[in-house]
Amino acid sequence: MIEVLTHVTYWVTWMLIVYYSIYNGIFLVVLLRGALEVSREVNWPSSMSLSEIFANPLTPGISVIVPAHNEESGIVDAVLALRNLRYPLTRIIVVDDGSTDSTFEKLKDNFDLRPSTREIANAPHHEGKIIDMWASRSGDLTVVRKESVRLRSDAVNVGLRVADQEIVCMIDADSLLERDALLHIAAPFVADPTVLGVGGVIRPANGVSVSRGAVTKVEMPKKWVERIQVVEYLRAFLVGRTGWASIKGLMIISGAFGAFRRDAVLEVGGLDITSLAEDADLVVSITKKARDEKRPYRIAFVAEPVCWTEVPNTFKALSTQRRRWSQGLGELIAKQRKMILNPRYGVLGMLTLPYFVLFEFYGPIFGIIGAFIALAGAITGLITWQLFALAFFVSVGLSLISSLASVLIEENAYHRYSRLRDVITLLLTTIAELLGFHVVHTWWRLQGVYRALFNRPSEWGTIARSGFDQEQSEQPSGHVSGQPRTQS
Amino acid sequence: MIGTIEALPSIPGLMMALLLTSATVCALIGVTVVLTRVARTIAHAREHKQREKVRPLLLDIFDGNANFTLPRAELRALIRLAAESATQVRGEDRDALTSWLTAQQFHRECLRRMKSPFALTRARALDRFAPIASLAPGAIERMLSDRDPRVRSLAAQVAGRSGMKSLVPALLHSAEAPRSIPARIVLMAVLRAAPSTIADFGGTPVDGNDRVRAMALDLAGQLNLVDARRAIEAGLDSPSEFVRLASIRSIQRLGSPLSLPALQKMSTYSAYEHSHAQVAIYELQVG
């Protein structure tokens, strides 16, 4: 009996070693590609391209879709910030998704809105009925009021019906864009006619100071729960997504900030309102359609930090978000299962999707079972401590190395954290994340896996937000630090 | 404690080796991050100090009194500053800066780097060369067929920004060349170069390549080149729908009633083309 147990523990530990070797091996390759791409982006002389895009009448127009639900505290500043972006042709579409506060009244008062009777497209499909439509006198701002069905994607689809520019950009009302964000995001569309979608690096806005809708000071946030997310975002966005895009395997463009060719989005019927991972679903659907029709296409990613968004500042809110992400990933995988290991879908089908199935979705199951067996085996003497050390190295050690490497890439390329002590905090956070947070995070993901596998109802939850820290001397109207606001 | 099976393989000293390796790698990355920050802070401070020291000399260059001698490091800082400033000033100031940069052999350095085997080096040289690009249009034209697509696009942007009208035909041809440049970048570059007469387009309005011809005619309309009317009207008789549609659009933009007879007698081959022609005719008739 003991012999059988010993053999089982031994081979499970070896499987765990192989599993994490492949997992971290693939990520290290993605990281290296990401690092090369970031380095190329940083060193490439892009200022001329950006100024040419800004100054040219042939620059494609962008419709910016902002779904807003009870955003009275920040919506005016959000629109003002969008209006101040450096881009020659922007049309802002705010979709007031059944707000019960004064979101619409604030917009109406501040931007002199008038009823609009302009015609809108018939597609894509949405559930919430459109109540009415308003437009500013200059025509650059349209506000659509609709009944809420508690789905962000439904509001975005309404925005897509109103959008009339070549490119559509979807952002969250609480996202803050860098002044040149739209220029950066438009550049790949201009340079390559086959680009169908472009994602941008998103950074946690917790800890940054804002003045007149622009980020003025970047410091590490005070709470560990926020700091950990800074490291996660560096690893996932700056390095991960840049790397995946460079090997033509990008699967996710965040809903908080992404741009697409309008035609490409409409061809796949807009966002899937039944999906919890509607942003990834959109990218996968666009890729699938292009591949099915054998059309040249590219999904690009801009490594330059372009968008700041507030991340959950409590573990409770974070757990809700992560459960939802995990569940959404499971639903997406189930929906697009025919693409997995299908050579027709290129890198996305042969590498990205299998990677996400095996390591991102089922990862928590392998992680928890494997870690328990290996640790118990080492303590009871069923396996040697050497073997346990090997398992620990390929799982924890390589993960720590990849996190630290992400910090190194950020420091070399963008160095947005101005103080040395923030950089040191960033380094310490990578250790805290792996040794403490990782366990809790795995548990949350496991709950999401359970919900996805057993078709439990989707949960969006409510995240309390505290707003951006405004620099006191130049505080604009309405958006007050510390004022709670909620977003479904 | 349960005994392990001796038959199962194990590697002596592995545990310690792995722990030491991971700890060393992590420590090295951490130290590199901190050192990078410290080194950059020092380098920035030094560069800032140097730039502030040489900045007043820019005024001497503008005034044509550039008869100063500087230590090598300061001269390099001044050259960098002058090259950056050359893109931000106009007229005589720009001329003064470009002549001084030329006297410093700045263009030779850029041209040498533009032949580098590395795309990034070529691109950076091209970017630095932009303010004085008009000195060597041939070099920019060569870069329009560079082996790296991003360098080619950058060359098109430099050509457009420098207003090199002599490169307009080359720019238009580059959209259809084997080493092509995306059409939108070409169109944007030509618009930026702002040719003021159809003569600047060379032979492209009657080019054998329909796409090149269509782009030329389209741009002539967008730039409102009145002297392009006959070339545009000639495009209405082209066998290519691309060219005919470009001609209709340009006639619409020019808005000259003189084009009405040509438009009325043109043969349309599709409903789409016909509707466009009818809209243009209506607009010309109502003025």
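Cβ atoms are placed via backbone N, Cα and C, with glycine included.
Worth saying up front: this structure is predicted, and the values here are computed from it rather than measured.
Per TrEMBL, these features apply:
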- A:12-32: transmembrane segment (TRANSMEM)
- A:63-112: domain 'Glycosyltransferase 2-like' (DOMAIN)
- A:167-397: domain 'Glycosyltransferase 2-like' (DOMAIN)
- A:345-375: transmembrane segment (TRANSMEM)
- A:387-408: transmembrane segment (TRANSMEM)
- A:420-444: transmembrane segment (TRANSMEM)
- A:468-488: region 'Disordered' (REGION)
- A:469-488: compositional bias 'Polar residues' (COMPBIAS)
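Proximity of the transmembrane segment (A:12-32) to the transmembrane segment (A:387-408) is established through 3 or more Cβ-Cβ distances under 8 Å for residue pairs spaced 6 or more apart. Here the domain 'Glycosyltransferase 2-like' (A:63-112) has, by DSSP, the following mix of helix, strand and coil residues: 18 helix, 14 strand, 18 coil. Beyond the ends of the transmembrane segment (A:387-408), by six or more residues, the same chain brings 10, 13-14, 16-17, 20-21, 24, 27-28, 31, 35, 231, 234-235, 238-239, 367, 370-371, 374-375, 377-378, 423, 426-427, 430-431, 433-435, 438 to within a C-beta distance below 8 angstroms of the stretch. The average pLDDT computed over the domain 'Glycosyltransferase 2-like' (A:167-397) stands at 90.
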